[in-house]
Each structure stands twice: as structure tokens, then as C-alpha cells.
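Accompanying notes for the structure given below.
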Amino acid sequence: MSTHSGSLDASRSAVSAQPGRWEKIGYGMGGAANNVIWTGISTFLVFFYTDVAGIAAGVIGTVMFFSRILDGVSDVVMGVALDKTRSKHGKARPWLLWLAVPFAIAAVLLFTIPGGSGDVTTIIYVVVTYNVALLIYTAVEIPHGTLGALMTYDQHQRSILNVAKMIGAYVAIIAISNITIPFVEALGGGQSGWVSVFVVYGIAAAAIYFVTFRSTVERTDPTSREQADDARPSVKDGLTSLLRNKYWAIITAVLMLMYVFNGITAGMAVYFAKYVVGDPAMVGALATALTLATLIGILFVVPAAKRFGKRNTAIAGCAVAVIGSLIILIDPDNVALATVGQVVRGFGKAAVMGIIFAMLADTMEYGEWRTGTRIEGLIYSGASMGIKIGTGLGSALIGWSLALSGYVGAQASQSPEAISMISALFIWVPVIVSLLMIVLLLFYKLDAEYPKILEELGKSPA
């Protein structure tokens, strides 16, 4: 894993002190690569399993929940591996190069459930392929997320990089949410249509990862290649530093809740469109309303955070998201109200997602100041564990709640209990998690403390 070389140090001296426009675009494209595949999985995989493969919703919910817990553990392992990585390409960038193609292959395998398999064989196949896909996703997403902190110390530049990442992500989310169902039908429908679509998505994502790898530069790791072995923190020191970082704990908890929100709003959209609104084709419109509003809202996050602070911007976003859900509650089967509610939710979501990873990056310097140990990989991977648990909990809530309500996959109509459960999941879970995020963010004070911390560490944002 460790290939010692001085070439990266030499390259640092030849680049600008801060990321340029094209480098920011390249980093943002990595967010698109993540979501070309991941949006397809998070939005459609549960639906594929229940309504195409015919697997019971409760089984899928259980598989996804426990898989996500295990995946959260793998995040910490990946963080340790990332902190120990030294190659001629840097610390984070080489992982994008190494695993772009394997991630594409793993995504395709999710949909290639062998025909004629028995129930046990099918479930084993789902468990294995889903966990392999999660593991590889972890090993590309954590390095990409950490890369933003390795590109600059400057808080404002980190905010811009986070916005670039989110813009790339939401462009991909809008595209994948809208084209997937028509694309599957155009390629013949059924399982073969899904497999063909994810072959295309996998090729596209791998190509974009290569662009991100080629266009970015790591600047902030001060360790020379010759000092690398001695400077690497032990696992014990790294975990101790992580657990003493109170602001990391707050942001990780917020991320976990935010991804429950994301998992529910994405995973339930297809059910809400089909059984509450009464038109499965509306899933694209509902997803676009949310995502396009998020994309537009993200453009205003950096100036808002600069004026009001990152924490206050995120708190305001959570409050707006609550209002959006309450708009949908007025008349859940009203298409116009559902669309307006999704737009308002999207603006609220933008204020959180547009700034939260920049807040996470700032906790790296706090942890270094607090404990004397710098652990970029563990900081991000530990937070990623929270993300995975949140996403898994969101998916599990869908499966378990649908099973509890008597939902039957692929059935033309559902019972009133099932339809009520679908509405409750789509509307009330986002309200609850948004309120919990507000409570947590009230304890986050790092915005005001960060300049002094950076000064005491002797690090210039420039």
C-alpha cells in the first residue's frame, strides 16, 4: 500500500497555493461519479428487490440494516488504511485510481441475481453482492471526501470545494433519478434492463473518477516521504484522538441523521409516487423538485455561511426542511403540494449538505489542536460510518415499516394501512430528524474558535 516517493513533494512546489477553477471542477466531478452509481442504488435497489426480484420487503430491510452496520466498521478500517497510505500520487487520490473499475463491476452485480435461484440462494447472493458493493464504495468515497481537506487549509476554499462536490453530486442525482426508469424500459425492462443500465452507469462513473484523479493536487499533508513511517499515528492514538474530538462527534451525529433524511426521501419517493400520488412516473418529478432546489440552493450556501456562519446556516436549513414536509402533509396526494413541498425541502437540505463536509474538515484541525494527532482518514471515515448507519437505518425503516403495514411488492394496489405508512415515512421521518439536527447543531461552536486554533497550530489558510 505504501510506495515512498518524492515526486508528490516536488509537484506541490509547482502548483498554486490554493486550488484553481479547473481543479475545483475536477473535485466536484468526483461527487458526480459517486452518485452516478450510488443514486441508482439508494433510489431504486429496494424497489428492484421487492418489485422485480420478488424478495420480501422485511428481508431486504434487515439485510440492508445489518450490512450498513458492518459497513460502518469497515469505514474505520478504511480510515486507518488511508492515514497510512503513502504513494507517489498522495494519500487519497490513488484510491480513486485503484478502485474506479471494481466499483463499477460491483454495482452491476447487484442486479444480476441468478434466475431460478431458491429463496435462500437469492438472499445469500444479495447479502454478498450488497456488502461487496458497500465495501468498495467506502474505499472510494472516503478518500474522495478526505481529498477536499488535503487540498487546502482555508475554510472558505474548503466551503467552495464542498459546494463543488455537492453540485456534481446533485447534477448526477437529478439525471439518474429522472432517466433510470425510462432507460430501463427502453432497454427491454425487467432484470435485463436494470443490468444493462448499470453497465452504462458503471462505465460513466469509472471514467469520471479518472478525471478527478488526474485534475486534483494534495497540498496540506506536511509529512515528507522520508518522515512518513515515523509520522503515521498508531491505531490507538488515532482512535483516542477521534474520541476526544467533540465537534467531530456532533458533525458525525448530524450526518447520520441527514442520511436518514436522504435515505427516506430517496427510497420512499418511488413508493409515494406509485401508491399515494397514483403515478409511478412522478418519481422523477418529485426527485427533480427536491434535487434541483438543492442544487440551486447550494449556490447560495458559501456566501450565507461567510456572513452568518456555517452552523447558523445549517440550522436554518433544517428549519426550512421541516416547513417543506409540513406543506406535503396538508394534502399528501396533491401533486402540486407534494412538488412545492419537495422544493422547499430541497432548499433546506442545500443549507446542510452544502456546508456539512466543510464543517467536518474543520474538525480535523480542532482534533490536531486538542490532541496533537492529525488523522484526516479517521476523521472522515468515522463520519462516514455515521453516514452509512444513517443510510442503513433509513433503508431498514422502509423495509421494516412496509412489512409491518402489510405491503405486498408488485401488487397493483395496496391496503389503506400500507398507503398510510408510505405517507408517514415520506413526511414525518424527515421532520423528526430535522428537529434532532437542530438540537445537535446548537452545541457546535467551532466557527468562532477555528481562527485561533489555526493560529496556535502555526498554519496559514493561504
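For all residues, glycine too, the Cβ spot is worked out from N, Cα and C.
Here's what TrEMBL has on this protein:
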TRANSMEM  36-66  transmembrane segment
TRANSMEM  95-116  transmembrane segment
TRANSMEM  122-140  transmembrane segment
TRANSMEM  160-181  transmembrane segment
TRANSMEM  193-211  transmembrane segment
DOMAIN    246-462  domain 'Major facilitator superfamily (MFS) profile'
TRANSMEM  247-271  transmembrane segment
TRANSMEM  283-302  transmembrane segment
TRANSMEM  314-330  transmembrane segment
TRANSMEM  378-398  transmembrane segment
TRANSMEM  418-444  transmembrane segment
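Highest Cβ pair count under 8 Å relative to the transmembrane segment (247-271), across stretches 95-116, 122-140, 283-302, 314-330, 418-444: 418-444. Within the chain, the transmembrane segment (378-398) has long-range Cβ neighbours (under 8 A, six or more residues past its boundaries) at 42, 46, 57, 60-62, 64-69, 71-73, 75-80, 82-83, 134, 138, 141-142, 145-146, 149, 238-239, 241-242, 245, 248, 251-253, 255-264, 267-268, 271, 360, 363-364, 367, 425, 429. At the 8 Å Cβ threshold, with sequence separation of at least 6, the transmembrane segment (95-116) comes into contact with the transmembrane segment (193-211) through 3 or more pairs. For the transmembrane segment (122-140), the residues of the chain that approach it from at least six positions outside its boundaries are 34, 37-38, 41, 49, 53, 55, 59-60, 63-64, 67-68, 70-71, 74-75, 78, 95-96, 99-100, 102-103, 106-107, 109-110, 112-114, 209, 381, 384, 388, judged by C-beta separation under 8 angstroms. Taken as a whole, the domain 'Major facilitator superfamily (MFS) profile' (246-462) shows an average pLDDT of 90 in this prediction. Long-range contacts of the transmembrane segment (193-211) within its own chain (CB-CB distance under 8 A, at least 6 residues past either end) are made by residues 26, 29-30, 32-34, 36-37, 40, 44, 48, 52, 96-97, 100-101, 103-105, 107-108, 110-112, 140, 176, 180, 183-187.
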